[in-house]
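TrEMBL annotations:
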DOMAIN    2-77  domain 'Lipoyl-binding'
Amino acid sequence: MSVDVVMPKLGLTMEEGSVVRWLKNEGDRVEKGEVILVVETEKVEYELESPASGMLKKIIGQVEQVYPVGEVMAVIEEG
């Protein structure tokens, strides 16, 4: 089963965030709770954790690009 990694809502007024850097590459094994991505808001950098264990199947969010809250950043294939 595939699990989406989405741009989180880190505050009441947050509407978008940008990708600072990926800590994993497509095809890498990830564990639930492992930091895979750093995103930035107007106020803070945030380490985004994997919502599931499996393979990082597809990276969609590109570094230095801005995305709305809820936008899919990556897809993890559970297993």
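Quick reminder: no glycine exception, Cβ is built from N, Cα and C everywhere.
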- Note on the structure: On the domain 'Lipoyl-binding' (2-77), the mean of the pLDDT values is 96
- Query: Using DSSP, how many residues in the domain 'Lipoyl-binding' (2-77) fall into helix, strand and coil?
  - Reply: 0 helix, 41 strand, 35 coil
